[in-house]
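Reviewing the structure listed below.
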Amino acid sequence: MVTVFDAVADRAQRVRHPEKAHRPDTEVLRKPDWIRVKAPTSKGYQETRSIVKSHNLVTVCEEAGCPNIGECWDKKHATFMIMGEICTRACAFCNVATGRPNALDLDEPVNVAKAVKQMGLSHVVITSVDRDDLEDGGAEHFERVIFAIREASPQTTIEILTPDFLRKPGALERVVAAKPDVFNHNLETVPSNYLTVRPGARYFHSIRLLQRVKELDPTMFTKSGIMVGLGEERNEVLQLMDDLRTADVDFLTIGQYLQPTRKHHKVEKFVTPDEFKSYETVAYTKGFLMVSSSPLTRSSHHAGDDFARLKAAREKKLLAAAE
């Protein structure tokens with residue numbers, strides 16, 4: 001993922017997670033072999049990094065320690081995180097810094113669009129920090145970024161991964177009206193974990209948001225993702241799948257939670273590849289058009305390839321219904 005520049009001059013001395021400093025250190029479990037990946041060293045990785053830096057962008061891939069950064073950047077795949085690198089919320093799983101955000105960078109939409117064009121992206125993912133400080137939660141900024149990409153690189157398909165726009169009337173409607181190709185909003189975890197893992201959010205608000213997207217534009221692909229290994233029970237994951245299908249969500253991603261620091265929520269369990277495969281099988285039986293379920297699955301991992309498969313799955317379903 002990628003975010004815009006940090007205006008904090010003394011970044012090296014900034015306390016990244018002041019809201020978590022009071023927490024006791026948690027146990028860090030040793031990662032199993034199926035989680036480990038090679039360090040990024042390829043030429044493609046270096047070229048992607050150079051492009052990102054040349055447009056005054058900062059990578060949340062690096063900050064979050066995403067395990068897929070080497071693979072994605074080698075292929076010049078990127079997710080741009082807009083509206084700064086400081087979030088107004090403090091989720092227990094997230095490595096993005098929390099605090100008082102800077103003013104929006106009004107040049108960001110054009111800068112992101114330039115990077116998309118220079119990298120030759122056929123599919124791009126745009127995400128953001130939560131901006132509860134903004135009247136519209138950043139909806140207009142999402143809109144401007146989408147429009148800028150459409151102008152600079154008309155052939156690029158656009159996937160957005162949005163915050164929940166909690167208590168921001170009209171924000172969702174504005175973003176949907178900008179016509180992204182895929183609307184993604186992650187539930188992150190099962191509802192019983194929300195108070196400890198995602199305290200600033202509301203589970204059923206997120207479900208309703210995804211449902212509302214389909215009401216506004218029935219043709220728009222919708223997507224959501226969760227992490228497992230946070231202490232959830234299997235039956236809770238299956239119920240979450242049912243909730244998403246009630247909202248007519250097309251695409252589900254399930255990946256292993258990895259603990260950023262000792263101050264973050266601990267990994268309760270490393271879910272095995274066989275368990276991930278089982279979740280995938282069940283999810284397909286519940287009617288999802290696409291499911292990606294594996295230890296290293298992340299919302300934007302293989303997003304371009306998955307979008308092509310998602311379109312093909314819908315076409316196949318429509319043809320079957322017409323017979």
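One-based numbering along the chain as shown.
Each Cβ is built from the backbone N, Cα and C atoms, and glycine gets one as well.
In the three-state DSSP scheme, Ser300 ([4Fe-4S] cluster 1 binding site) falls into the coil class. The [4Fe-4S] cluster 1 binding site annotation in Swiss-Prot covers Cys61, Cys66, Cys72, Ser300.
Annotated [4Fe-4S] cluster 2 binding site per Swiss-Prot: Cys87, Cys91, Cys94, in sequence order.
Under the heading domain 'Radical SAM core', Swiss-Prot lists 73-289, citing sequence analysis as support.
For the pair formed by Cys94 ([4Fe-4S] cluster 2 binding site) and Ser300 ([4Fe-4S] cluster 1 binding site), distance between Cα atoms is given as 16 Å, rounded to the nearest Å. Reduced to three states, the DSSP call for Cys87 ([4Fe-4S] cluster 2 binding site) is strand.
Listed in sequence order, Cys94, Val96, Ala97, Thr98, Gly99, Pro101, Val129, Asp130 are the same-chain residues six or more apart from Cys87 ([4Fe-4S] cluster 2 binding site) with CB atoms under 8 A from its CB.
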